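Asks: Dumping what Swiss-Prot says about this protein:
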- Arg69, Ser70, Gly71, Asn82, Leu86, Ile87, Asp88, Lys96: substrate binding site (BINDING)
Amino acid sequence: MNIEVEMKVLDERMADVVPVYATEGSAGLDLRACLDEEVVLQPGETFLVPTGLAIYLANPAYAAVLLPRSGLGHKHGIVLGNLVGLIDSDYQGELKVSLWNRSSEPFTVKPFERIAQMVVVPIVQAGFKRVEEFVGSSRGEGGFGSTGSH
């Protein structure tokens with residue numbers, strides 16, 4: 001299933017590096033840092049990185065999620081400050097990525113470096129019905145770890 005997403009290039013330096021799917025099977029599109037100069041993230045520090053791009057999904061049946069790039073997280077301890085970014089279908093502002101250095105070493109974010117990936121996902125908006133009791137289930141109120149270890 002494909003949808004058309006409107007995209008604005010807010011900084012012309014990003015015009016040649018707009019997000020594209022790297023392969024036919026790619027789920028995510030890489031987002032890049034729209035920076036004038038390198039930014040050093042100290043251990044434990046967060047920084048809100050502009051991308052120079054805005055998108056408009058328009059259709060409430062879709063949203064976009066921003067996720068860490070696996071290599072940055074595994075090799076350098078760089079993840080998203082909010083763990084997952086959610087872009088609602090009606091948002092039209094600049095995409096920004098909160099980077100968090102959870103490592104013990106400084107990390108340098110370079111201009112135009114790939115910093116996160118964006119995945120467009122289908123959304124279901126639930127309607128809620130208030131009840132006094134739930135119909136029983138085998139799990140009941142069992143929470144964390146209640147289904148056993150595998």
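A Cβ is built for glycine as well, from the same backbone N, Cα and C atoms used for every other residue.
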Asks: Which residue, of the binding-site residues Arg69, Lys96, has its CB surrounded by the fewest other CB atoms within 10 A?
Replies: Lys96
Asks: Across the listed substrate-binding residues, Arg69, Ser70, Gly71, Asn82, Leu86, Ile87, Asp88, Lys96, what is the farthest Cα to Cα distance, given in whole Å?
Replies: 26
Asks: Of all the binding-site residues here, Leu86, Ile87, which one's CB has the most other CB atoms within 10 A?
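Replies: Output for this query is Ile87.
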Asks: Neighbour count, 10 Å Cβ-Cβ cut-off, for Gly71 (substrate binding site): what number do you get?
Replies: 10
Asks: Using DSSP with the three-state reduction, classify Gly71 (substrate binding site) as helix, strand or coil.
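Replies: Looking at the DSSP assignment, Gly71 (substrate binding site) belongs to a helix.
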Asks: Using DSSP and collapsing to three states, where does Asp88 (substrate binding site) fall: helix, strand or coil?
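Replies: DSSP call for Asp88 (substrate binding site): coil, neither helix nor strand.
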Asks: Would you count the other C-beta atoms found within 10 angstroms of the C-beta of Asp88 (substrate binding site) for me?
Replies: 12
Asks: Pick the one among the binding-site residues Ser70, Asn82 whose Cβ has the fewest other Cβ atoms within 10 Å in this structure.
Replies: Ser70
Asks: What three-state class does DSSP give Lys96 (substrate binding site)?
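Replies: The three-state answer is strand.
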